[in-house]
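Colleague: According to TrEMBL:
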- Leu57, Tyr58, Gln59, Gly64, Thr65: FAD binding site (BINDING)
- Cys200, Cys205, Cys208, Cys220: [2Fe-2S] cluster binding site (BINDING)
- 1-89: domain 'FAD-binding FR-type' (DOMAIN)
Amino acid sequence: MAIVLFNKKIKDDIYMLKLKGKFEGKEGQFYMLKPKNTFLSKPISIHDIDKEGISFLYQVKGEGTKYFSTLKEGMEVDLFGPRGNGFDIENIDKDVTVIGGGIGTAPLYYLIKQIKNKYPNKYIRVYLGFTKEDYLVDEFKKIADEVIVDVGGIITHQVDFTKDDKYFSCGPDIMMKSAYDLASKEGHDVIVSLENRMACAVGACLGCNVRTSGGNRKVCKDGPVFAGSEVY
């Protein structure tokens, strides 16, 4: 249980929810938040953690997230986590390229922030793709060295995959597959965060299975982060 610090509309159906308290979690992990109007909890990735609490960037898509959009300061939210494996940022010996699409940009903010804290001299390039309108671009510019934004186009076509960088991506599956296909032609892998639907978040229901090069894996437990070479 946590108390809402704020829940503000960022753009159209995009909201930022911040909960008060001391939270744990690494970049790429997620929490399960329980709406009062549905049976199942909803997985939402960590957007940021600071001394005040934890932030979640989410998009209103169904009844559960519609309920979240009605939360006000001081209200209580049931949640548990963190869940999932998260991104591995140990031993990064290259500059970094991060590719995000739509609401898939949500976990990438905390990823970039943590990489910059750990490796202040690494150059971080960020590519953000949106269908209609961009959001939070200025926030990304505060923590990254270079931010390229595309609205209505194909963001992966703007990425220079010839650079010998460490590549990370989260967003629509078609975008991440495109990123992997283009990167692999240059001899690079892309670390991706999948957005499969989940129910239990403990690996019991098998509802989020994904086929990988090593057999079927559970996105909630074995992921959501995989190497692109495993899943594409």
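Placement of Cβ uses the backbone N, Cα and C atoms for every residue, glycine included.
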Colleague: What Cα-Cα separation, expressed in whole Å, is found between Leu57 (FAD binding site) and Cys205 ([2Fe-2S] cluster binding site)?
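Modeller: It is 26 Å, counting Cα to Cα.
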Colleague: What same-chain residues, at least 6 away in sequence, bring their CB to under 8 Å of the CB of Gln59 (FAD binding site)?
Modeller: Asp13, Ile14, Tyr15, Thr65, Gly102, Ile103
Colleague: Cα-Cα separation of Cys200 ([2Fe-2S] cluster binding site) and Gly64 (FAD binding site), in Å?
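Modeller: Gly64 (FAD binding site) has its Cα 15 Å from the Cα of Cys200 ([2Fe-2S] cluster binding site).
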Colleague: Return the residue, from the listed binding-site residues Cys200, Cys220, with the maximum count of other C-beta atoms within 10 angstroms of its C-beta.
Modeller: Cys220
Colleague: List the helix, strand and coil residue totals of the domain 'FAD-binding FR-type' (1-89) as derived from DSSP.
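Modeller: Within the domain 'FAD-binding FR-type' (1-89) the tally stands at 6 helix, 43 strand, 40 coil.
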Colleague: Going by a 10 angstroms cut-off between Cβ atoms, which of the binding-site residues Leu57, Gly64, Thr65, Cys205, Cys208 has the sparsest surroundings?
Modeller: Cys205
Colleague: Using an 8 Å cut-off from the Cβ centroid of Leu57, Tyr58, Gln59, Gly64, Thr65, can you name the remaining same-chain residues around the FAD site, in sequence order?
Modeller: Tyr15, Lys42, Ile44, Phe56, Val60, Lys61, Phe68, Ser69, Ile103
